[in-house]
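K.L.:
In case it's useful when we look at the structure, here is the feature table from Swiss-Prot:
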MOD_RES   A2  N-acetylalanine
BINDING   H15, H17, H214, D295  Zn(2+) binding site
BINDING   H17, D19, G184, D296  substrate binding site
MOD_RES   K54  N6-acetyllysine
REGION    126-143  region 'Required for binding to DDP4'
ACT_SITE  E217  active site, proton donor
MOD_RES   K232  N6-acetyllysine
SITE      H238  site 'Important for catalytic activity'
Amino acid sequence: MAQTPAFDKPKVELHVHLDGSIKPETILYYGRRRGIALPANTAEGLLNVIGMDKPLTLPDFLAKFDYYMPAIAGCREAIKRIAYEFVEMKAKEGVVYVEVRYSPHLLANSKVEPIPWNQAEGDLTPDEVVALVGQGLQEGERDFGVKARSILCCMRHQPNWSPKVVELCKKYQQQTVVAIDLAGDETIPGSSLLPGHVQAYQEAVKSGIHRTVHAGEVGSAEVVKEAVDILKTERLGHGYHTLEDQALYNRLRQENMHFEICPWSSYLTGAWKPDTEHAVIRLKNDQANYSLNTDDPLIFKSTLDTDYQMTKRDMGFTEEEFKRLNINAAKSSFLPEDEKRELLDLLYKAYGMPPSASAGQNL
């Protein structure tokens with residue numbers, strides 16, 4: 001019998017990677033069809049290699065993508081399909097609004113230097129990747145009733161890609177794209193300050209493109225400070241190490257900064273050591289602005305309920321706190337104000353809360 005969900009009500013998810021949310025069966029299908037060698041020939045076997053049960057370092061985790069991304073990247077049909085199936089997956093998890101992120105360049109094989117995953121050069125550009133993902137998400141939204149929007153990722157080790165990423169954010173604003181992100185290895189010294197990234201974020205500010213940044217996951221509070229002060233981020237991806245700098249944390253609390261928290265992910269990537277108190281407990285106790293998210297459910301062999309079960313069982317989270325954090329997630333979403341209001345109304349109704357509960361940002 002399936003486990004009863006820890007929070008069986010509509011949910012909002014803001015931090016999840018498309019390329020970390022692919023069905024194993026879909027990877028196998030395109031691997032076979034395209035003649036690309038995979039480390040196993042069954043879904044279960046594939047999960048045993050790609051999936052994680054115990055903590056690894058972040059670089060070891062990132063190496064997991066090398067196993068399966070060649071089966072998907074560069075294939076138009078596969079890219080549209082993974083976006084469509086992603087929405088179906090979220091519908092089953094009780095998500096009513098999701099922002100899914102990905103790097104257009106890491107799914108392309110043309111007009112990208114270097115070409116990723118040892119692919120031969122083809123004719124699928126980052127521009128067309130964004131169009132295909134948008135189509136898949138829109139068809140998924142129509143068929144499964146989950147509102148789905150996308151965030152385009154710059155990669156820390158490829159600042160030369162970033163100017164194109166912000167241009168694609170502008171071009172596809174009407175086709176699901178709502179924001180820009182900076183992802184990848186944040187331990188690369190000074191990577192937040194590389195001119196390609198800084199210029200892309202300056203252009204995003206100028207053009208009214210929303211901004212989030214992976215910072216303080218395994219990097220220091222200094223990386224968080226750079227994300228806030230230099231890249232002008234509106235949300236923090238993870239942000240756990242903000243707590244190393246109490247003055248910074250207090251400032252961000254006052255500014256109502258939103259933390260995109262991924263509890264199960266933080267355990268498996270070693271971003272959080274289980275013998276220490278998880279940052280999310282402090283955020284809960286302070287009634288701060290944060291959400292719960294899966295990050296990369298394929299690799300973490302998880303669903304959103306995994307994160308809710310973990311916080312309920314191990315950290316004393318209550319139904320009331322789950323409601324509060326989802327309302328904060330909706331308020332901190334990158335939707336236009338009218339659509340945000342509709343989403344909040346849906347949540348208030350489902351949670352049996354009066355709409356006047358929206359008074360006060362942190363409820």
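Yeah, the Cβs are placed from backbone N, Cα and C, and that goes for glycine too.
Keep in mind it's a predicted model, so treat the numbers as computed, not measured.
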K.L.:
Residue counts in helix (H, G, I), strand (E, B) and coil for the region 'Required for binding to DDP4' (126-143), per DSSP?
P.N.:
18 helix, 0 strand, 0 coil
K.L.:
Between H15, K54, H214, K232, H238, which of the recorded positions has the fewest other CB atoms within 10 angstroms in the structure shown?
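P.N.:
Among the recorded positions H15, K54, H214, K232, H238, the sparsest Cβ neighbourhood within 10 Å belongs to K54.
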K.L.:
Which of the three DSSP-derived classes (helix, strand, coil) applies to K232 (N6-acetyllysine)?
P.N.:
coil
K.L.:
Can you tell which of the binding-site residues H17, G184, D296 lies nearest to K54 (N6-acetyllysine) in space, using Cα positions?
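P.N.:
Its closest listed neighbour, by Cα, is D296.
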K.L.:
Around D295 (Zn(2+) binding site), how many other CB atoms lie within 10 A of its CB?
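P.N.:
For D295 (Zn(2+) binding site), the count of other Cβ atoms within 10 Å is 30.
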K.L.:
List only the single closest residue to D296 (substrate binding site), chosen from the recorded positions H15, H17, E217 by CA-CA distance.
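P.N.:
Among H15, H17, E217, H17.
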K.L.:
Taking the centroid of the Cβ atoms of H15, H17, H214, D295 as the Zn(2+) site, which other residues of that chain lie with their Cβ within 8 Å of it, listed in sequence order?
P.N.:
V16, G20, R101, A183, G237, H238, E260, C262, S265, N293, D296
K.L.:
Could you state the CA-to-CA distance between H214 (Zn(2+) binding site) and H238 (site 'Important for catalytic activity') to the nearest Å?
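P.N.:
Between the alpha carbons of H214 (Zn(2+) binding site) and H238 (site 'Important for catalytic activity') there are 6 Å.
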K.L.:
What Cα-Cα separation, expressed in whole Å, is found between D295 (Zn(2+) binding site) and G184 (substrate binding site)?
P.N.:
13
K.L.:
Quick one: pull the CA-CA distance for H15 (Zn(2+) binding site) versus G184 (substrate binding site), whole Å only.
P.N.:
14
K.L.:
Translate the DSSP assignment of D19 (substrate binding site) into the three-state scheme.
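P.N.:
The three-state answer is helix.
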K.L.:
Around G184 (substrate binding site), which residues of its chain at least 6 apart sit with Cβ under 8 Å of its Cβ?
P.N.:
L62, C153, M155, R156, H157, Q158, S191, H214
K.L.:
Which are the residues of the chain, H17, D19, G184, D296 excluded, whose CB is within 8 A of where the CB atoms of the substrate site average out, their centroid?
P.N.:
L18, G20, F65, R101, Y102, S103, C153, A183, D295
